[in-house]
Amino acid sequence: MATSLDEPAAPARVDPAARPRRVRRSRAARPWLLLAGPLLVIAGLLLYPIVRVTVLSFQRYGLKEVISGKPEFIGLDNYREALSGDYLWKTVLPNTVVFAAVAVAGTVVLGTLVALLLQHLGPRLRALVIGSALVAWALPAVTGTYVWVWIFDPDSGIVRRTLIALGMLDPEGFNWFTDRLSFYAIAVLNVIHHGYPFIAITIFAGLSTVPEELHEAAKLDGANAWRRFWSITVPLMRPVFAVVTILSTIWDFKVFAQIYLMPGGDGSNPDVFNLGVWSYVSSINQNKYGLGSAIAVLLTLVLLVITMIYVRALFREDELQ
Amino acid sequence: MTTTLARPAATDLEIRHAKQPRSGVLLTGAAWIIAVLFVLPVLWMILTSFHTEQDAAANPPKLAAPLSLEGYRSFFDSGPWPPLANSLTASVVSTLLVLLLALPAAYALSIKPVKKWSDVMFFFLSTKFLPVVAGLLPVYLFAQKVNLLDNIWLLIILYTSMNLPIAVWMLRSFLSEVPTEMLEAAQVDGAGLVRTLREIVAPVVAPGIAAAALICFIFSWNELLFARVLTGTRAETAPVFLTGFVTSQGLFLAKVCAASLVVSLPVLAAGFAAQDKLVQGLSMGAVR
């Protein structure tokens, strides 16, 4: 790597044409050498699983096949099993899609509001809010989820006790975790709480690129804050909002720990599975590795399609500029 | 920001600053509420973890109950050190490996970019679509075959590859901030690669390296899915240990809160202590 060190330091200007061709060619190849490590690691460790999981999804692969090592090719049977019947369409897919839509919207809206607030704060308060945001972001999903579960615990959680004390809930109480809607309401709270600090910080960083003069000019023209937000901030920040939305969408579709660690999410209540948890439970709990793989492939495809749509929208924007 | 052009704006700005003390009360209030909402789960955990089990389960909650280390004592008696050490090993080693691989790559993508650098960036980014659940089985079956199950090195390799794309992406943003004129000037002066890197590139990129390292550390420390399926008793990490502890001790809130807090402490401390770097790194990684 230190080849240029051997070069004499004397000549102030070197005529590029005077360099031998051999050096030039090795110059062109050198960046690829630097890239080789990561490209190989990622190709090996991320592309291999994609291929393998796709192959698995076309096989009957259970405990017997793990031991014998001779899986049977069964074509689309796993996909047929996953796609047929009501379970995917009425339970798992709505759980995944509606949850993600609500969580992404909540995360981005709250994140934007906090970012706008951050803009108006002095340095000390700003440090306080950003520091707290980073604590919320760094908190492991495992711990965060447990806290929400304890808060909503059907026997002794704070929420139940408070509601009973206020007379808003019967003393028999209500198990929020068995009902699909309230289960996901709690999951949404958890995921938004975990996700919007990061979004707020990102949008706040983006806001500093919007020229102050534009806002001041619009203010002189009598535009109120609402108007200015929609006609100045949003158009200029569109790429930032796009990235933030893509990232949140990917995360919220892939959400696993936050569902799996809630009561019933570990396999005992199929009503609350999303695609990720269903895939995990099918393969790890029930040893139907083929079916689990087919579900995982479906989840990947859904993610791919969504991201393609986003990226298309984003990059058309960039080319216009 | 030319002064002549922006004169009315400047005066307006001054007015706004002058007004700040009055509307400041509202803003300060909002800021405190948001900040407390962010850290509420952590505050609640801290409070509960220092109570006795009876006080933790009290109805209504006793905020001013006497402090107790009971929860921490019984958590540390349950043998959390090997998992904590495993988590530390996996996070630190994988972070170092990520930096070792990502820095040269980011250099090749920014300062002297290869021709198809945007394609390469896209390839890196595209790996984020793959849900961990989809990689789980292939990795499990592979590890079983080559006898790497319950081995911390398997997690190290996985975390390295998981964090590599985001680290490359982030470091590239920082490296592209290095002024090219200075690089050219250094070349003209005959400074070698090592000297150029040390004297021009390093100062600009150092915060980026710190940010990337922190983010990789936090992601590796918090990872649950791979660790849960691929480790047993030997290579168990802290989050896996925590889930086991909570399953067996779920009724004892003080104990499980103490456990959760201890497991989260390294990343919480990292997040709070290095907030400037994290903010810069997070926004660089995502925005550009």
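From the backbone N, Cα and C atoms, a Cβ is placed for every residue, glycine too.
As annotated by TrEMBL, transmembrane segment applies to B:25-47 (among others).
Annotation comment: TrEMBL describes B:84-274 as domain 'ABC transmembrane type-1'.
Away from its own ends, the transmembrane segment (B:88-109) comes close to residues 117, 120-121, 152, 155-157, 159-160, 163-164, 167-168, 171-172, 174-175, 201, 209, 212-213, 216-217, 220-221, 227, 237, 266 of its chain (Cβ-Cβ under 8 Å, at least six residues beyond either end). The feature transmembrane segment is assigned by TrEMBL to B:88-109 (among others).
Beyond its flanks by at least six residues, the transmembrane segment (B:121-140) meets 109, 149, 154, 158, 162, 164-166, 168-169, 172, 225-226, 229-230 of its own chain at Cβ-Cβ distances under 8 Å. Marked as transmembrane segment by TrEMBL: B:121-140 (among others).
Here TrEMBL flags B:152-171 (among others) as transmembrane segment.
Away from its own ends, the transmembrane segment (B:200-221) comes close to residues 87, 90-92, 94-95, 98-99, 102-103, 107, 111, 159, 162-163, 166-167, 170-171, 173-175, 177-178, 182-183, 186, 238-239, 266-267, 270-271, 274, 277-278, 280-282, 284-285 of its chain (Cβ-Cβ under 8 Å, at least six residues beyond either end). For B:200-221 (among others), the entry in TrEMBL reads transmembrane segment.
Summarising the annotation, TrEMBL assigns transmembrane segment to B:252-274 (among others).
Listed by sequence, the residues of this chain that lie at least six past the ends of the transmembrane segment (B:25-47) yet keep a Cβ under 8 A from its Cβ atoms are 63, 257, 260-261, 264, 268.
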